[in-house]
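What Swiss-Prot lists as S-adenosyl-L-methionine binding site is THR152, GLY172, ASP194, ASN234, and the listing cites sequence analysis.
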Amino acid sequence: MDKTWAEVTCEIPAAMIDLLADFLVELSGNGVSIDNLELDTFSLDTMDEAPVKTVRAYFTPDDELEEKLAALNRFIQEHAPAYGDAAPAPPTVTTLREEDWATGWRQHFAPTRIGRKLVIKPTWEPFSPEPGDLVIELDPGMAFGTGTHPTTRLCLEALEKLGTAGDVLDVGTGSGILAMAAVKLGAQRVVGTDIDPDAVAVARENCAMNGVTAELVTTPLADIPGQFSVVLANILAEDLVRMAADLTAKVAPGGFLILSGILVERESYVIDGFVSTGLTLAETTREGEWSCLLYQAGQ
C-alpha cells in the first residue's frame, strides 16, 4: 500500500516565512517548500513583490496530526498580526501519495534554450540536441538554481556573447550553472566560489554529473589568487556594491565583469557604486524587471 502524507498549506505574510518555516520543521520533522520564491535570484527586494507567500509542510497522517494542526493554527493566529495580517486564514490539509509528493513537481521543469547554444535540461527529460548545442543537465530537486530565472539567463547570454577562451571566476556559484556553462563554452579554467558550503557541495555534484571540471571553493573573494578574463556575480545588489573593489581587482586587464541579480529600479544604485572602480560600463541588458551590467577593464 502506498504511503500517504498530509500536505499542510499556509498563506502567510512574506516577512513571516523564516519564523513559520522554523516552527514547521520542528513540528513536522520534515522540510518545507515555499511557492513563488525564485531560487535563482538573490535580491531581498523581491520579498516585496508578493506580500503573501504559500508555505507547505508535510506530516505523517497519524493520531497526532489534529493536535499538530491545532498548534500550527494557534501559532499563525498569534504571530501573523505582528507582520500585518490581522486575520490569517487557517492552514489547509491535502492528502498525497508518496509518489505524487516525490515527483509531482517535475512537470514544471522542461528543457530550456538560452542564447544560441546553451540548453538547460532536467535529468529525467529526453532531449535531442541540435548540432552545436551545449547541454547542461540539472536536477532542480537538489539544485539551488535551475537557470530559468531572468537573472541567470541574462548572465548566461552575456557569457555566451563574450566567449570564454580565458579564465572565469563565478562569485556566488550556487548550483554551479554559470561555472558549468563557462566550461562548456571553452574557458581554460573556471573557479566558482560561494559562502555556503552546501551550495558548493551541490555545484560539485552537478559538475560531476555533467562531466565538467571547475574549482569550486568557499574561499572568500579577496583571498582567491590571480585575475580572470571574465568575472561573474549574480548576487544581491547591495553585495555587488559592497564588493565592488574586490570584484574589480579580480578582472584582468581588458577583461570583463558581468553583474546580475539587479532589479531595474536598483540599476542606478549599482552603477553609482562602480563609478570609482575605473571600469567602463560596456552594455546594459534587461529582461522584465531585471538588469544585467557588463563592465570592461582597461588594458
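Our numbering is plain: 1 for the first residue shown, then up by one each step along the chain.
Just so it is clear, glycine is given a Cβ too, placed from its N, Cα and C backbone atoms.
Residue environment of ASP194 (S-adenosyl-L-methionine binding site) contains 25 other Cβ atoms, counted within 10 Å of its Cβ in all protein chains. Among the residues THR152, GLY172, ASP194, ASN234 said to bind S-adenosyl-L-methionine, no two Cα atoms are farther apart than 16 Å. In this structure, ASN234 (S-adenosyl-L-methionine binding site) is part of a beta strand by DSSP.
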